[in-house]
Amino acid sequence: MADTLEFNEIYQEVKGSMNDGRLRLSRQGVIFKNSKTGKVDNIQASELAEGVWRRVALGHGLKLLTKNGHVYKYDGFRESEFDKLSDFFKAHYCLELAEKDLCVKGWNWGTVRFGGQLLSFDIGEQPVFEIPLSNVSQCTTGKNEVTLEFHQNDDAEVSLMEVRFYVPPTQEDGVDPVEAFAQNVLSKADVIQATGDAICIFRELQCLTPRGRYDIRIYPTFLHLHGKTFDYKIPYTTVLRLFLLPHKDQRQMFFVISLDPPIKQGQTRYHFLILLFSKDEDISLTLNMNEEEVEKRFEGRLTKNMSGSLYEMVSRVMKALVNRKITVPGNFQGHSGAQCITCSYKASSGLLYPLERGFIYVHKPPVHIRFDEISFVNFARGTTTTRSFDFEIETKQGTQYTFSSIEREEYGKLFDFVNAKKLNIKNRGLKEGMKQSYDEYADSDEDQHDAYLERMKEEGKIREENANDSSDGSGEETDESFNPGEEDDDVAEEFDSNASASSSSGDGDSDRDDKKPAKKAKIVKERKPRKKQPESKKGKDPNAPKRPMSAYMLWLNASREKIKSDHPGISITDLSKKAGELWKAMSKEKKEEWDRKAEDARRDYEKAMKEYSKADSHRGERSKKKKKKQEKQVKGKGDKKGATSKSSSSKSPAKGMSDSFKSKEFVSSDESSSAESKKEDSEDEGAASPPASSEDSASGSD
């Protein structure tokens, strides 16, 4: 017979809800792991008292009773598995797996029996239903009546809120059957009553969820949060995990308490209790117990008088009372040296902590994701900027978490961490604005060569070189255009007396008309440098030398056809993965050969870039000289036309005004247009001379 039995998709009944998970039976005992919370129930073989097999709604179920009165129910078995389980119980636990059927008569009159933490309502020898008394939140009595109220279950679609029992009066003197019934229920019920004094009290602690400042009273079986508006009582049995996390500023600490079931306030559920401490806060603590009781209860984990940092005292007390380990960040260190990564989740900024067995995000909303529930992770380029990326996690249940706005410098550290933990890395397709090169690393699920990271490094080097080369030219231009003093001078020159006279001569004299063009011109002046800047970045000269390739890209271009021939029908993504594997497995000597080729290509590029820059500067000087020459020609024409318009202004002022005002739109820089303009000027002068002579004769006669 096998030493272990394993069952998948088994459901454990806990407080009215069915939690799915995996059940394992071994020689040592029974282990059930909850798929949702990761909580593990371990029942030692020596503690088992009884095993019952019965038919339930989800097929067949197994009920286990322990010697200390605890009851565990597991459903989802098939009828054919009874023989296998029965033989296993006989061989390893020395127990007979009994078959008991439920009574389905539908009667509501029977006998109540209390056994351990279970209330069983029986008709004859068959049970009708059973109530775990740990589900009872309140028990009230009336005349011949007992009412049981139950904890509300958020996961169940329909919850049982209360059950009423009618207890008939008896003839026995001195014994009230109603009170006896209620006492049996309350002795095992999960009713929190603050009896006695608190072990210790922490005053005015800052709590992030639920938000506010609370006094925390520590009782032997539960935690009491007392605030100005709300009070919460948290049984230690509902505490799932404890986390102690350093803040990124290294001056504060988070203490996180994971709860299942969560605490409730109206419709709000708090699955995490997050406390924020300053590292500088110290406290001296005295427990409200004598030294013998402290030693007997906590076995050296706590002492009657303690002192130290506030966060250390709170975490130490909680660890001793809850009897759970405190999880702290592992070996991960981000780009800045912190043990966390700044990111955003659901439009709120927070901190993501990579732990040894999962991820936790604080604080709004808090999220804890275990590695064993992760299906895959994905690195995606940010949609708004290339300086950040998104980190996506999808669980086996199909839930997706996206942590966005992570700095690009954190990519290498996070990628190495995910690879070391052997999590699946999977690309879910290209997003808008994402380059194909990003696909090379997002689809890899093992420790492969990261082509995307190599390319990013090469592009960064080239951008730095280009920035240094162009710092003498475009850099100065940009600085000048954003100089506030010079900008004001340019605007003032544009609207001096001459400019305003020429521009406003054909318009009205109102102040409103004068102000409008001034406002428009100022906006245009301020926007000019901003328009030029992206053009200088985006615009590429086809004659400019091409950037050199890295050693890996040179080798890939030379080996691509060989890889295709060795693997017919291989896709582009698989080819990139295969190339990464081959490059990583390549010997150091062969890589050095390609490094030399890449170095030669870089030198050739630098040489060609210098020649191109020199030729570009010569072209710029020639274009400047040509522009100055054209401006002189335009100025000379303007002087001639001004003289002509003055001589003819007394006779025909309208015609002279139209001739003297010529915008630059009508003056071309070509030689043919300049020749035509000269011809037009001579014709205009010939046409204007007869009126001038007639005017002189008229003045002479006068």
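Note that Cβ sites are derived from N, Cα and C of the backbone, with glycine treated the same way.
On a predicted model such as this, the values are computed, not experimentally measured, just so you know.
Record features, source TrEMBL:
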type: DNA_BIND; residues: 545-613; note: DNA-binding region
type: COMPBIAS; residues: 474-496; note: compositional bias 'Acidic residues'
type: COMPBIAS; residues: 497-507; note: compositional bias 'Low complexity'
type: COMPBIAS; residues: 517-531; note: compositional bias 'Basic residues'
type: COMPBIAS; residues: 532-544; note: compositional bias 'Basic and acidic residues'
type: COMPBIAS; residues: 609-620; note: compositional bias 'Basic and acidic residues'
type: COMPBIAS; residues: 621-630; note: compositional bias 'Basic residues'
type: COMPBIAS; residues: 631-642; note: compositional bias 'Basic and acidic residues'
type: COMPBIAS; residues: 644-660; note: compositional bias 'Low complexity'
type: COMPBIAS; residues: 687-702; note: compositional bias 'Low complexity'
type: DOMAIN; residues: 545-613; note: domain 'HMG box'
type: REGION; residues: 458-551; note: region 'Disordered'
type: REGION; residues: 609-702; note: region 'Disordered'
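Model confidence over the DNA-binding region (545-613) is summarised by a mean pLDDT of 86.
Assigned with DSSP, the residues of the compositional bias 'Basic residues' (621-630) fall into helix, strand and coil as follows: 10 helix, 0 strand, 0 coil. For the compositional bias 'Basic and acidic residues' (609-620), the number of residues in each DSSP class (helix H, G, I; strand E, B; coil) is 12 helix, 0 strand, 0 coil.
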